[in-house]
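The structure appears below as structure tokens.
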Amino acid sequence: MRLTLPRLNAAYIVGAARTPVGKFNGALKSVSAIDLGITAAKAAVQRSKVPADQIDEFLFGQVLTANSGQAPARQVVIKGGFPESVEATTINKVCSSGLKTVALAAQAIKAGDRNVIVAGGMESMSNTPYYSGRGLVFGNQKLEDSIVKDGLWDPYNNIHMGNCCENTNKRDGITREQQDEYAIESYRRANESIKNGAFKDEIVPVEIKTRKGTVTVSEDEEPKGANAEKLKGLKPVFDKQGSVTAGNASPINDGASAVVVASGTKAKELGTPVLAKIVSYADAATAPIDFTIAPSLAIPAALKKAGLTKDDIALWEINEAFSGVALANLMRLGIDKSKVNVKGGAVALGHPIGASGNRIFVTLVNALKEGEYGVAAICNGGGASTAIVIKKVSSVE
């Protein structure tokens, strides 16, 4: 007897929103990761026009969950006013977390397990605590920064993520000048995008209540005040003889982002707007010290699944954990840098680690034109990466 397998459901993006990205201890420092996630999720759902009772699950990425409370993704659901019947799962794939949620949402929809999923990422690096060990009886106690411990430290080689990038730069011959020039261009693109309102369709303002009234944050905070000459004069951070500086690396930030992923059948049934179709996705891994080049492995895998080549791709979003990361992957993939991070990247806009994968995805969805293909990819600690291929469409295919 021959079995007939059911046709897989196609997954579509029907809503997308992100908060502005705040500086470390900046405009968003008083807002928790949960509240940032709620802001992004509510806006994405509102824009999708999907009734809240039609949502099956929330998948939310967060890396620095310490002191956020139990089940952060579930808190976004309950505190956000969504039905208690909506399931929720928190995802930690380090910096890939927010993009992995989109891939997992697409998988569940293709399998027929879910019809509508809110996939996002959130991080408040300004609100992360310090750790102290238990059982102190007498004497001094050392504190550990949870940002470094759980987010920015390679536990396999016992070095900072920045040292991994230094290793890549030396091996690939990437110079300090190349990294600085790349960073300066990222800042230029970001500031130009802010000035021209290029982010207005993706950003939802964050309202902060203070004793003096309500403060509204509506623009990315990090790019403002960038100075090319000062950037070129900064000293290396991780290796005195190295080339990675605070200026050509991504900063520490706060922010959240979310998309609503729906099956084509459900999107038609609900009459939702359609923003893009998820074509394929892939993960790839290599040695932990080489996490920097992992996107160059995940991207070809995703393209192969889509039946596409790099020449079919109109725009790329490759997360700029460091300028050296972007340069190393562009070199390996042979991509035209004029098509990469056209609105500026994480070096300029910021890198709230649990949210960044979703942020670049939302930016890509908004940047593409009808019928164009785009790729979003991001590396993560441990030597891995996630990549997603999408097609810009305005209706279910």
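Note that Cβ sites are derived from N, Cα and C of the backbone, with glycine treated the same way.
Straight from Swiss-Prot, the features:
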ACT_SITE  CYS95  active site, acyl-thioester intermediate
ACT_SITE  HIS351  active site, proton acceptor
ACT_SITE  CYS379  active site, proton acceptor
BINDING   TYR187, ALA246, GLY247, ALA249, VAL347  K(+) binding site
BINDING   TYR187, LYS230, SER250  CoA binding site
- Task: Check each residue in the chain of VAL347 (K(+) binding site) that is at least six apart in sequence and keep those whose C-beta is under 8 Å from its C-beta; list them in sequence order.
- Result: TYR182, ALA183, SER186, TYR187, ASN248, ALA249, SER250, GLU320, PHE322, SER323, ALA326
- Note on the structure: If we take the residues TYR187, LYS230, SER250 that the record assigns to CoA, their largest CA-CA distance in Å comes out at 16
- ALA246 (K(+) binding site), number of other Cβ atoms within 10 Å: 14
- Minimum Cα separation from the residue listed as 'active site, acyl-thioester intermediate', reported as the residue among recorded positions LYS230, ALA246, GLY247, HIS351, CYS379 that achieves it: CYS379
- Task: Across all the protein chains here, work out how many other Cβ atoms are within 10 Å of the Cβ of CYS379 (active site, proton acceptor).
- Result: 35
- Query: Among the recorded positions listed here (LYS230, HIS351, CYS379), which has the Cα closest to the Cα of GLY247 (K(+) binding site)?
  - Reply: LYS230
- Item | Euclidean distance between Cα atoms of ALA246 (K(+) binding site) and CYS379 (active site, proton acceptor), Å | 19
- Across every protein chain in view, the count of C-beta atoms other than its own within 10 A of the C-beta of GLY247 (K(+) binding site) is 23
- Message: Please report the Cα separation of HIS351 (active site, proton acceptor) and LYS230 (CoA binding site) in Å, rounded to an integer.
- Response: 21
- Counting only other Cβ atoms and using a 10 Å cut-off, which of the recorded positions CYS95, ALA249 scores lowest? ALA249
- Item | K(+) site, defined by TYR187, ALA246, GLY247, ALA249, VAL347: further same-chain residues with Cβ within 8 Å of the Cβ centre | ALA183, SER186, LEU231, THR245, ASN248, SER250, PRO251, SER323, ALA348
- Number of Cβ atoms other than its own within 10 Å, given for HIS351 (active site, proton acceptor): 27
- Query: Does anything in the same chain, at least 6 positions from LYS230 (CoA binding site), have a Cβ under 8 Å from its Cβ, and if so what?
  - Reply: GLY247
- Item | For TYR187 (K(+) binding site), the number of other Cβ atoms found within 10 Å of its own Cβ | 23
